[in-house]
Each structure stands twice: as C-alpha cells, then as structure tokens.
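Peer 1: After the structure tokens below, expect a handful of questions from me.
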Amino acid sequence: MRADDNPSARSLHAQFPGDDTRPTSKKELAGWYSYGWAAEVFTVCAMGSFLPITLEQMARDRGVLLSDKVTPCSASWNGTETTARTHGISPPWYGINATPGTSQCVVYILGAEINTASFAMYTFSVSVFVQAVLIISMSGAADHGSFRKTLLVAFAVIGSVCTMLFLSVVPKIYIVGALFAIVANTCFGASFVLLNSFLPLLVRHHPSLLGHENERSPELNHSHITDDRVQFAANADYGIDADATSPLLQPVQGDSDEHTTSRLPVTSVVISEELKLSTRISSLGIGIGYIGAVILQIICILVIIATRQTTFSLRLVLFLIGLWWFVFTIPAALWLRPRPGPPLPKAPQGKDNRSCVGYMVYAWKSLCRTAVRTRHLKDILLFLTAWFLLSDGIATVSGTAVLFAKTQLNMKPAALGLINVVTMMAGVFGAFSWSFVSRRLNLGASQTIIACILLFELIPIYGLLGFVPAIRKLGYLGLQQPWEMFPLGIVYGLVMGGLSSYCRSFFGELIPPGNEAAFYALYAITDKGSSIFGPAIVGLITDRYGEIRPAFVFLAVLIFLPLPLMLLVDVGRGKKDALALAVELEEGQSSNTQTYGTLSNCERNAVPTDQ
C-alpha cells in the first residue's frame, strides 16, 4: 500500500495551539489543484489576451478619432472591414492592415485627452500598484491565525464576480470596467499568494513523508526547515519556502518569537523526499493550471468567432473566464483545510497587536527590515535592480504588443487570442530547451539570462524597423502586417521560458543561507512593483505621439538596461558576502530580544503569467 493511501499515517506534533497536524489527504490536494485550474485562466486568458483589448474597445466606443477629434470611433476591425469591402476586398478572419494612425482614438477623462490604448495601460499600472500594496499588507493576517483559507476564498469570489460583471458593462460606463479590472487583478494576485502558501504545508504533512519522521532530529517538529537547498530547490516552481508553518511573513536568523526555536539540520533522506514531493506537486499544479487556461482560451476564441467579434463578444468571454474561476473555486473551498498559522507575536511592549492595523504594521516593518539588509550585499542589489527593469519590460511588452496589434494592425480578437496560445506553447518549449542549450554550450545561469535578454531585445528593435523608410515601402517587416505578431509571440514565449527559471535560480545563489524566504520576498515585490511604471510610461508616450510604435524606443532601452547590470554581478563575491552576513546574523541571534515583526515572504505571488 502506498504511503499516501494509508489513513493511519502518523501526524506531526503541534507547534502551537490550534495547529492542524492531520496528514494531507487526497481530497485536500485535489482542492489545491482545483484552484490552480480555476484561477490560472484569469492571468492567461483575461490579462494576457482579452481584458486589455476589452478596455481599449469600450473606451474606443466612447471616443473620437485622433485625426479630427470629432468623428466618433467604432471597432477598429469593423471599421477596417467596411473599408475593405467597399474596395471589393474580402477581409481575412484575423484582421487587415491599416495605415498607421488612421484608427487611433482618444477619450476625455476629467478633461484630459487620453488615447484609448493608454487607458488600458494606465488601468494595468493602477491594478499592479494596488495588488502590491494589498499583498504586503495582508501577509501578516494570512500567516497568523486561521485566515489563510478564508482570505483565499474571499479574494477568489470577489475577483471572479468582478470579471463576470463585465457582461453588464456597456461602453457608456467604461470607467466601471476599469474599476472591475483593477479589483479582479488585485484579487487574483492576492489569492495566488495564499494558494502558494499552502504548498509547504501539504508537503510537510503528506503521508509519504511522515514515515521519515524518525529520521528527523527530535526537535525538528518544533522548528522551521531552513536548509537553503530545500528552501529554493524544492519550491523553485512556485517560489516559496518549505518551512513548517508556511507563513507569508516568517522569522529568519536575527529574529525570534515564542513560536520559533533554533535552526536544526535536516537529514539528507528528509531533504530528498521533501524535494521530490514538492517538485512533483508544484509541477503538476502548474501543468493543470496551464491545461485549463489553454482549453478555455480555445473556447473563448470559438465564442468570439461565433458572435461576430464585437464588443459584446469580448464582454461575453470575460464573463466565461469569471464563471470558470468561480465554479472551480468551489472544490477548493470545500476540500482545502484552513491550516492555521501561529498567533501574531506581541509587540515589544507586550501589547496584543491582532487588530487590522497591527497586522499591516507587522507586515510592512518586516519587508523594510529585509530591504535594509540588502545594503550589505552589492551583488544582490545589482541583480534586483536588473530584475526590476527586466520584469517591468516583460509585463510591459506583453500588454503593449496586444494593444499594438489591435490598434495599429487592426487584428481581430480571435487572432489576438491565438497569439497567446502560440506564446504559451513556445514558453513551455523554452522552459525545457534553455536547459538543453545551456548544458550543450556550457553556459552558467548568468550567461543564459544574458542570452535571453539579447533575444528579448529583438522584439522592440524589430518593431522600430517600421520607422525605416525603405522597410515601410515594402509594406511588411517591422510589424506592418498582422502575421508578423505570431513569430514575435514565439520569441517572447521562448524568452519567458528561460527567464522564469534562470533568474530565480541565479538569485538563489546570492542569498545568505537561512534567509531564503525573506530575500525571495524582496525578489517578488521587486517583480510586482516594477510593473507599475512601464505600462504607465508607454501610456504617456502613446498620448504624446498618438500611436504606440514610438513606445518601442522606450521598450528597447528598458530591456537593454539590465544587461550591463547583469555583467557587473559577481557570483563568487556575492556568495562570499552572503555567507558573511549569514554568520553575522547567526552570531547576533543570541543577543536579540523579542522583535515586533518578522521578515516578509511575499514570494508566493510568483505565477506564471503572466501578466
């Protein structure tokens, strides 16, 4: 009989009052997988395809042409089709090219003239900002007490309902659509942080590992597993730590509380088993989520074609995405156990800080403490700066490309959705192929990242070729025809497949041993926070020049800037500095008194998107 089929498997000792030490059940695992299947569709199908063009289209339906600022706008693909048919041309299903700038539209919000494409970019920037603030602020409440599952379900319901409500949003109230988009994206990010926080608990309490309990140190059941090999390798896919209580905010060396004891070594048997199990569960979760996203993406494309690719078609597929998210959240709500965390530590004055304000202060102080420690680590600062710029470029290129294809190339929604399918398939291929290429060419992690950046740089440079007079005369190349978006989507997918794994791996080599959770938190916040700026700047450029193509200059610079920073990172020096800091923190541990908070571990918001 397999271990996970054994209902009599022993549970671990409780580490705090109310600790749920029951073995992980198959139903609980199914609930965890179910939410990945439910929510991944939002980042892939909504944020990656249909939400940006829906916002742009609803604003367009209320806007006027940029050329005369009087003529009302209409759907770019419908308007172009009418022109094509007038000249006896049968337009293809994917759209037809138009003269750049002829279909650019503007709307007036609070007296300001805003390009309809910029409106979608500004909405994305605001949603990312709100998401980052919420994720940090709610971390304390998610870690301590029994709020983890409650918050996950609440965010899932709110986010999915807001997505479904797009069906009722008509162009006349397009601003309401932007508000729904902000709330939905914020709730998605927060819910996935909470989902990822369950994985270490599911692994730790899995029946197949409880048989190795005797091989642990006797005190291990009352300590956090912090071996750096486990912290990174076991959870590289989801970017989370493998500690016992799985907090979003957790103690590290130099901090202590009444629920944390000294760090103890873990036997190689336990490390190996937890590593294998965590990798298996997380990989399966990612695969299930992407399979669901591809299935729904194809369904959405068929629905859009069947409903003649109108604004209503876009609202309808967003309703379907929200409905999918809501329905498949139900098994997660029923089958996942709350798995509460330890009580919130008391403040230095001995006061109980379990109010909402107390939880938020706890979280922000923890994050700040981690940020302060990075000043001792030059190479981590260099890498995080590079990652800030690179992740901003990743998010901005995705949104910019979709809106460029719609407003400049007049591509139809079905074709835009198909680009996303092609990109996802290329991303899966890239995740495996980069590993093969790096081994074949004997490339290190940093060299592979640099290769990805150079390949990534080709995307905006290719778009800038459209400014070259000789190429413009050709009528193709330089992103002048819709079909050119598909090979660029393949390039983007290949790049994402490499960067998503190698950047995290490279960063892991620079972290002080025993501080993985805290520094991966900073890594994730850097990732999320950076996406505030790129889309907003692209929006400003689009408003200034009346079209998106000039923004490729900004994107080319944004993608290039991480390159010299990555070349300055010295792994050997970084490891040496990290070890020195770890020793310093270890030596100071015995002299530390009770602190208010612990270091933030918001790294659990690393998803796949996209986004």
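Positions of Cβ are set from backbone N, Cα and C atoms, glycine also.
Pulled these from Swiss-Prot:
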{"type": "REGION", "residues": "1-24", "note": "region 'Disordered'"}
{"type": "TRANSMEM", "residues": "35-55", "note": "transmembrane segment"}
{"type": "CARBOHYD", "residues": "Asn78", "note": "N-linked glycosylation site"}
{"type": "TRANSMEM", "residues": "116-136", "note": "transmembrane segment"}
{"type": "TRANSMEM", "residues": "151-171", "note": "transmembrane segment"}
{"type": "TRANSMEM", "residues": "175-195", "note": "transmembrane segment"}
{"type": "CARBOHYD", "residues": "Asn221", "note": "N-linked glycosylation site"}
{"type": "TRANSMEM", "residues": "286-306", "note": "transmembrane segment"}
{"type": "TRANSMEM", "residues": "316-336", "note": "transmembrane segment"}
{"type": "CARBOHYD", "residues": "Asn353", "note": "N-linked glycosylation site"}
{"type": "TRANSMEM", "residues": "380-400", "note": "transmembrane segment"}
{"type": "TRANSMEM", "residues": "414-434", "note": "transmembrane segment"}
{"type": "TRANSMEM", "residues": "449-469", "note": "transmembrane segment"}
{"type": "TRANSMEM", "residues": "483-503", "note": "transmembrane segment"}
{"type": "TRANSMEM", "residues": "521-541", "note": "transmembrane segment"}
{"type": "TRANSMEM", "residues": "551-571", "note": "transmembrane segment"}
Peer 1: The transmembrane segment (483-503) vs the transmembrane segment (116-136): three or more C-beta pairs under 8 Å (separation of 6 or more)?
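Peer 2: No, the transmembrane segment (483-503) and the transmembrane segment (116-136) are not in contact.
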Peer 1: Within this structure, do the transmembrane segment (35-55) and the transmembrane segment (316-336) have 3 or more Cβ pairs under 8 angstroms, counting pairs 6 or more apart in sequence?
Peer 2: yes
Peer 1: Given the cut-off of 8 Å on Cβ pairs that are 6 or more apart in sequence, determine whether the transmembrane segment (521-541) and the transmembrane segment (551-571) share at least 3 such pairs.
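Peer 2: Stretch pair touches.
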Peer 1: May I ask whether the transmembrane segment (116-136) has at least three C-beta pairs under 8 Å with the transmembrane segment (414-434), counting pairs 6 or more apart in sequence?
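Peer 2: No, the stretches stay apart by this measure.
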Peer 1: Count the CB pairs under 8 A between the transmembrane segment (286-306) and each of 35-55, 116-136, 175-195, 380-400, 551-571, then give me the winner.
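Peer 2: Most Cβ pairs under 8 Å with the transmembrane segment (286-306) come from 35-55.
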Peer 1: When you scan the chain for residues with a C-beta under 8 Å from the transmembrane segment (116-136), skipping those not six or more beyond its ends, what do you find?
Peer 2: 47, 52-53, 55-57, 59-60, 63, 73, 104-107, 109, 178, 181-182, 185-186, 189-190, 193, 363-364, 367, 395, 399-400, 403-404, 406-407, 525, 528-529, 531-536, 538-540, 542-543, 548, 600, 602, 605
Peer 1: Among the recorded stretches 35-55, 175-195, 380-400, 449-469, which has the greatest number of Cβ pairs closer than 8 Å to the transmembrane segment (551-571)?
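Peer 2: Against the transmembrane segment (551-571), the leading stretch is 380-400.
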Peer 1: Determine which recorded stretch among 35-55, 175-195, 449-469 has the most C-beta pairs below 8 angstroms with the transmembrane segment (380-400).
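Peer 2: Comparing 35-55, 175-195, 449-469 against the transmembrane segment (380-400), the winner is 449-469.
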